[in-house]
Amino acid sequence: MVVVAILAAGRGTRMKSDLPKVLHSLGGRSLVERVIDSVEPLSPSRRLVIVGYQAEQVKTGLQSPNLEFVEQTVQLGTGHAIQQLLPHLEGYRGDLLVLNGDVPLLRTQTLEQLLQTHQTNQNAATILTSHLPNPKGYGRVFCNGNNIVQQIVEDKDCSPAQRQNHRINAGIYCFRWENLAQVLPHLEANNAQKEYYLTDAVTQVGQVMAVDVEDYQEILGINDRLQLATAYEILQRRVKEQWMMAGVTLIDPNSITIDDTVELQPDVIIEPQTHLRGSTVIQSGSRIGPGSLIENSQLGANVTVHYSVVTDSTIQDGTKIGPYAHLRGHAQVGANCRIGNFVELKNTELGDRTNVAHLSYLGDATAGTQVNIGAGTITANYDGVKKHRTKIGDRTKTGSNSVLVAPVTLGDDVYVAAGSTVTEDVPNDSLVIARTRQVIKLGWRRKSGES
């Protein structure tokens, strides 16, 4: 049995932000959300988040019924933060996994290894360590041949010989709670910062073993915007390597960004300057980009999207989007459609083999199959108070520069003459002409000049 405690009380002054550090976004999710997600496969019995600075904002940002919040009203160090758990874990006999809310790159497999080592060896505590190329500023961990911790020395207290040891304390711990609970009340703040350090408890609980994480990038903490950018680069490299090894082609990977919540199938091609975000799913054979943004959208097989923005929308197989199209607000586009340049779809549903080739706006509309929307057609969906829907039947065609004033329904096989402003429903198999008759006045320029 394991309880997880996540330290999320700090302000993060080096971020120079009013937003609590743990709520800053990394690849579409906050730092602390990434930490929480990493422990979910461990099936912890409880998930305790220790909050302090802007506590209510952090709670609001982490709305989940599975989380419990513990307040550290005054931030007096990591040891003091864990002391706040004493009344919440009274009588608990299992293990406590302690994580930092600003260390977002930890893999679940690393935490599983830490827990397994802890439980197999019946340790009082097990700590995560790593070997850094440049360990300056980190406490050094000294172990015997069996990885039993002998000593933890802060960087400022290291001798020249001790500084040659590059094994550092990552600040990730697993404790036998009974042992830790006995030590916590006796921690002292005998340091320049007058804080209570959890590392002081590590040396007092009993046998402590270290587990080394091979990829030191996993334990990198976020303290400023530069480190946040570095973490994003690491995350992107992981994600893009994963998809390329799974059969996805990335042309110029350095110019592409992909959230780790995106799902791609083999033989998808992503071109330069393309960004895939949120819960996007793209099926096999689709080609996205260059210069496109796809967010929270589902794209079928063999879809192409060029220089376009697609958010919160669904596109079926074989449809071509762009260049310079904008789909948003739960647009749903059928199979083998064409959405061309400078077309915007908002909360609109199009049937199969429907074309909106250029310079059109369809908002709050439904169109059937094999519809052709002429250049410059718009749905006037807003009357100044609320929005109304436009319904367009199968095989209907609108001429260039048509305005469909909602609420309005066009039946099947309707033809809308170019330049028409349609304000009333049109029955099936009809031609609608809604424009002023053309008038020609011969000799107009000469006569106007004489006057």
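Just so it is clear, glycine is given a Cβ too, placed from its N, Cα and C backbone atoms.
Taken from Swiss-Prot as is:
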- 1-225: region 'Pyrophosphorylase' (REGION)
- 7-10, Lys21, Gln72, 77-78, Gly139, Glu154, Asn169, Asn223, Arg328, Lys346, Tyr361, Asn372: UDP-N-acetyl-alpha-D-glucosamine binding site (BINDING)
- Asp102, Asn223: Mg(2+) binding site (BINDING)
- 226-246: region 'Linker' (REGION)
- His358: active site, proton acceptor (ACT_SITE)
- Ala375, Asn381, Tyr382, Ser400, Ala418, Arg435: acetyl-CoA binding site (BINDING)
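The most densely surrounded of the recorded positions Lys21, Arg328, His358, Arg435 is Lys21 (count of other Cβ atoms within 10 A of its Cβ). DSSP assigns Lys21 (UDP-N-acetyl-alpha-D-glucosamine binding site) to a helix. The separation of Gly139 (UDP-N-acetyl-alpha-D-glucosamine binding site) from Asn381 (acetyl-CoA binding site), Cα to Cα, is 64 Å. Distance between Cα atoms for Lys21 (UDP-N-acetyl-alpha-D-glucosamine binding site) and Asp102 (Mg(2+) binding site): 7 Å, as a whole number. Look at Tyr382 (acetyl-CoA binding site): DSSP puts it in a strand. DSSP assigns Asn169 (UDP-N-acetyl-alpha-D-glucosamine binding site) to a strand in the three-state reduction. Per-residue pLDDT, averaged over the region 'Linker' (226-246), rounds to 98.
Among the residues Ala375, Asn381, Tyr382, Ser400, Ala418, Arg435 said to bind acetyl-CoA, no two Cα atoms are farther apart than 22 Å. A Cα-Cα distance of 20 Å separates Ala375 (acetyl-CoA binding site) from Arg328 (UDP-N-acetyl-alpha-D-glucosamine binding site).
In terms of Cα distance, the recorded positions that sit within 10 Å of Asp102 (Mg(2+) binding site) are Leu7, chosen from Leu7, Gly139, Asn169, His358, Tyr361.
With the fewest other Cβ atoms inside 10 Å of its Cβ, the least crowded of the binding-site residues Leu7, Ala9, Ala418 in this structure is Ala418.
In this structure the alpha carbons, written CA, of Leu7 (UDP-N-acetyl-alpha-D-glucosamine binding site) and Asn223 (Mg(2+) binding site) are 14 Å apart.
In the three-state DSSP assignment, the secondary structure recorded for Asp102 (Mg(2+) binding site) is coil. In this structure the alpha carbons, written CA, of Tyr361 (UDP-N-acetyl-alpha-D-glucosamine binding site) and Ser400 (acetyl-CoA binding site) are 12 Å apart. Between the CA atoms of Ala9 (UDP-N-acetyl-alpha-D-glucosamine binding site) and Asn223 (Mg(2+) binding site) there is a gap of 13 Å.
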